[in-house]
Amino acid sequence: MGAAAGANAGGAAPPESRGGRRPGAMGGYELVRSEDAPALAVDLEAGIGGGGFPKRGGGGPAKRAAAAGASPAPARQRLVSLDVFRGITVLLMIIVDDAGAFIPAMNHSPWDGVTVADFVMPFFLFIVGVALALAYKRVPDKLDATKKAVLRALKLFCLGLVLQGGFFHGVRSLTFGVDLQEIRLMGILQRIAIAYLLTALCEIWLKGDEDVDYGFDLLKRYRYQLFVGAIVAITYMALLYGTYVPDWEYQTSGPGSTEKSFLVKCGVRGDTSPGCNAVGMLDRKILGIQHLYGRPVYARSKQCSINSPQNGPLPPDAPSWCQAPFDPEGLLSSVMAIVTCLIGLQYGHVIVHFQKHKERIMNWLIPSFSMLVLAFAMDFCGMHMNKPLYTLSYTLATAGAAGLLFAGIYTLVDLYGYRRPTFAMEWMGMHALMIYVLIACNILPIFIHGFYWKEPKNNLLKFIGIGA
């Protein structure tokens, strides 16, 4: 169908022809010559909102054609499945944040294993990669594109510091501010910024010029990107299983501001338990334990909560690490997040190089099922799926699931044209970053609680009957 054009309005370039030739305007696609494609400017929200596709300068081809007295080229159509996928991920994020407190299957897994909530982060990273493949289809000025990518990553990282670094003190607290000695350095947006930047650099600088006729040709053309992904995964595995973790201790503040010290006995190598893994150790050494997330997910595990998988009082024989800070978006685990983004990038290349729906879908389904099979085999052999550690089996399982979901959405929306049932998801996908900031980061609830009559409890929520 012509409605399934693989280029988004606002800039994603149409797919290249088979064998490297450029087609004319046919089948819903139009010819975009490189001289008509000024430097790309990827939106800050690439992959998390607003499309993340290049904006064209100089008034665009339509304006230039009108100025020259020629008829403007037909407008390119948007890849709707990209926005719908993002919208579904945003909705899933909101649901698990609200329902996770009383539905265990909707909350993050306390350690090994995956739940519905554990798919949200890799889905975002996956779609960032898909968007970048379209955004950087043609890069006339690599240095300029690199500068813009670095700047946008820095902006996203700094936004994450403000939203998740402890600056806001909770929905019902009307105070703000954070001690820089204790600010949380890593977070969701920081992880996306890191993965976005490394993936963007790979797409800008590490592309071959071989013709693409079949799926295996993609492996040859983008072999350097795949090599980077392999090196990243091997480095992660070497550090996770090869780093020696010594004994360590930490302090917590108890009732009455009294400090308690805890000693965690490790002295092991290759351990993936909550207290003695290399991921946590590297974060403590490099970032500092005071800059890590203070409410670790393993506090809901059976060893640390009598109400597991919910939070609860410590059991009498609770391990000493139960109250230790641990960042689920730490440094080493974010290394594997880059791999998820690179996988999404390869799925985006399928859109760029193939026009037929059947070719696209088959080139998505085969690697998706392959990754799922490999992930379950690794989990069966003891390399468990683990979101806090972002293990290789978890990376493959979530990327495979993302590929299947994206292929399904593409078939439903772009192939068969069922846009009306997914219109709300499409809108949410186009405004994903705004929704994340306002709702998931509690900026909107904090704003609403900030307007009250005489006392904070008499706020707008109570006025409209929801309660204080």
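From the backbone N, Cα and C atoms, a Cβ is placed for every residue, glycine too.
Annotated features in TrEMBL:
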- 1-28: region 'Disordered' (REGION)
- 1-13: compositional bias 'Low complexity' (COMPBIAS)
- 78-201: domain 'Heparan-alpha-glucosaminide N-acetyltransferase catalytic' (DOMAIN)
- 84-107: transmembrane segment (TRANSMEM)
- 119-137: transmembrane segment (TRANSMEM)
- 149-168: transmembrane segment (TRANSMEM)
- 188-206: transmembrane segment (TRANSMEM)
- 226-244: transmembrane segment (TRANSMEM)
- 331-352: transmembrane segment (TRANSMEM)
- 364-385: transmembrane segment (TRANSMEM)
- 391-413: transmembrane segment (TRANSMEM)
- 433-453: transmembrane segment (TRANSMEM)
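The highest tally of CB pairs under 8 A with the transmembrane segment (188-206), across 84-107, 149-168, 364-385, is held by 149-168. Looking at 119-137, 149-168, 226-244, 364-385, 391-413, the range that has the most CB pairs within less than 8 A of the transmembrane segment (84-107) turns out to be 119-137. When pLDDT values are averaged over the domain 'Heparan-alpha-glucosaminide N-acetyltransferase catalytic' (78-201), the model yields 90. Note on the transmembrane segment (226-244): residues 202, 206, 219, 268-270, 272, 277-279, 281-282, 332, 335-336, 338-339, 342-343, 346, 389, 391-392, 395 of its chain, located 6 or more positions outside it, place their CB under 8 angstroms from a CB of the stretch. Each of 119-137, 149-168, 391-413 was scored by its Cβ pairs under 8 Å to the transmembrane segment (331-352), and the highest score goes to 119-137.
Taking DSSP states H, G and I as helix and E and B as strand, the domain 'Heparan-alpha-glucosaminide N-acetyltransferase catalytic' (78-201) has 80 helix, 4 strand, 40 coil.
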